[in-house]
């Protein structure tokens, strides 16, 4: 120990090199290995290699731990998706499962009569208030100028209908916007069908509106019946007046013998005859059969 204290730094380095070369030649046999905490031992003691080696103390006990051979994988930061994005993905997958392609998803609102100063940002700001937009664009002509039309595609059809009801004929930069939903009827309720029905005697002919079924028809005051509910078979009584079917009543119209002061002395002539359910069903079937013969 005293010899090491009297040696200079160069001599100590030279001696350590010679000891390491001798240990390498001997293969490290018979040399014990001391290990500390982790890769570096306590008090700077570093264990030898797999074949062992001399124990270094003092100033030369430098932590010569090699650089790590593995890299730390940074955790990939997952992009958080919004709840409505997951719902839209599920909605598109459902439509594809039933045979509807992804291009067909969404409802397009076609907008015309726009001022040339309207921009895409104006369209987005205005129509995004209604619901989620899939895409939006202003149309341009061949010269690159706005053509006065645009289209907005909503993810939900209900939003497109609401946008049409809210912004149709509304002024934007002094011009009323004209909106149209592409690819389907936009009416909330279907229009009643109108057919021409010929009466049983071949002389009576009128237009009948078939709606979504109010039970019990009604004949109005005019020659034609109004569009309120399903019209049941028109019948003729013995006095020539016109009566309605199940639950209906006869009006004051111009039916034969149906006016005021007829032979029966009442406003409607003879009262309708009570019929059973089977008779009414039979009359209804005959009415439908006659309705098919549209003249």
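Note that Cβ sites are derived from N, Cα and C of the backbone, with glycine treated the same way.
Marked as region 'Disordered' by Swiss-Prot: 1-67 (among others).
Summarising the annotation, Swiss-Prot assigns N-acetylserine to 2 and lists similarity to another entry as the type of evidence.
For the compositional bias 'Basic and acidic residues' (11-22), the number of residues in each DSSP class (helix H, G, I; strand E, B; coil) is 12 helix, 0 strand, 0 coil. Residues or ranges marked as compositional bias 'Basic and acidic residues' in Swiss-Prot: 11-22 (among others).
Marked as compositional bias 'Gly residues' by Swiss-Prot: 38-55 (among others).
Under the heading domain 'RRM', Swiss-Prot lists 107-184, citing sequence analysis as support. For the domain 'RRM' (107-184), the DSSP counts in helix, strand and coil order read 19 helix, 31 strand, 28 coil.
According to Swiss-Prot, the feature region 'Disordered' maps to 212-295 (among others).
Per Swiss-Prot, the feature compositional bias 'Gly residues' maps to 213-227 (among others).
The compositional bias 'Gly residues' annotation in Swiss-Prot covers 242-267 (among others).
Taken from Swiss-Prot, the feature compositional bias 'Basic and acidic residues' covers 271-288 (among others).
In the predicted model, the domain 'RRM' (107-184) shows an average pLDDT of 91.
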